Amino acid sequence: MAFAGILSDADITAALAACQAADSFKHKDFFAKVGLASKSADDIKKAFAIIDQDKSGFIEEDELKLFLQNFSASARALTDAETQAFLKAGDTDGDGKIGVDGERRLWAANK
């Protein structure tokens, strides 16, 4: 599992179950349920590296749309509305992508 040593399988399962329906994904709720909100900066960097599929140093819209599939291959894709809301929340400089600092800000907002 990609998140082994960072997140628990039980937390991932619970977080994914809570957003199975289209348009039910709320990033703050997901991060709290999966346990990312309470992780160290180092763990957040590790999680970011997993989600940054093309290793560009940023999470772009296409990677964000498939965000849940990083946690389970059978998870659904985010809807366009969910993807745009998620991107808007984490895009700190308006360039259409999320850097690790934006991701930290998203997850830390739950503390």
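From the backbone N, Cα and C atoms, a Cβ is placed for every residue, glycine too.
Per TrEMBL, Ca(2+) 1 binding site is recorded for Asp52, Asp54, Ser56, Phe58, Glu63. The Ca(2+) 2 binding site annotation in TrEMBL covers Asp91, Asp93, Asp95, Lys97. According to TrEMBL, the feature domain 'EF-hand' maps to 39-74.
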Quiz item: Which number gives the other C-beta atoms within 10 angstroms of the C-beta of Asp54 (Ca(2+) 1 binding site), all protein chains shown included?
Solution: 10
Quiz item: At the Cα level, what's the spacing in Å between Asp91 (Ca(2+) 2 binding site) and Ser56 (Ca(2+) 1 binding site), rounded?
Solution: 15
Quiz item: Using DSSP, how many residues in the domain 'EF-hand' (39-74) fall into helix, strand and coil?
Solution: 20 helix, 3 strand, 13 coil
Quiz item: What same-chain residues, at least 6 away in sequence, bring their CB to under 8 Å of the CB of Lys97 (Ca(2+) 2 binding site)?
Solution: Phe58, Ile59, Glu60, Glu61, Leu87, Asp91
Quiz prompt | Nearest-integer angstrom distance between the alpha carbons (Cα) of Asp54 (Ca(2+) 1 binding site) and Asp95 (Ca(2+) 2 binding site) | solution = 17
Practice problem: Would you list the other residues of this chain near Ca(2+) 1 - those whose C-beta lies within 8 angstroms of the C-beta centroid of Asp52, Asp54, Ser56, Phe58, Glu63 - in sequence order? | Solution: Ile51, Gln53, Lys55, Gly57, Ile59, Glu60, Lys97
Quiz item: Relative to the Cβ position of Ser56 (Ca(2+) 1 binding site), how many further Cβ atoms are located within 10 Å?
Solution: 11
Quiz item: Around Asp93 (Ca(2+) 2 binding site), how many other CB atoms lie within 10 A of its CB?
Solution: 10
Quiz item: What number of additional C-beta atoms lies within 10 angstroms of the C-beta atom of Glu63 (Ca(2+) 1 binding site)?
Solution: 19
Exercise. Grab the pLDDT values for the domain 'EF-hand' (39-74) and give me their mean, rounded.
Key: 93
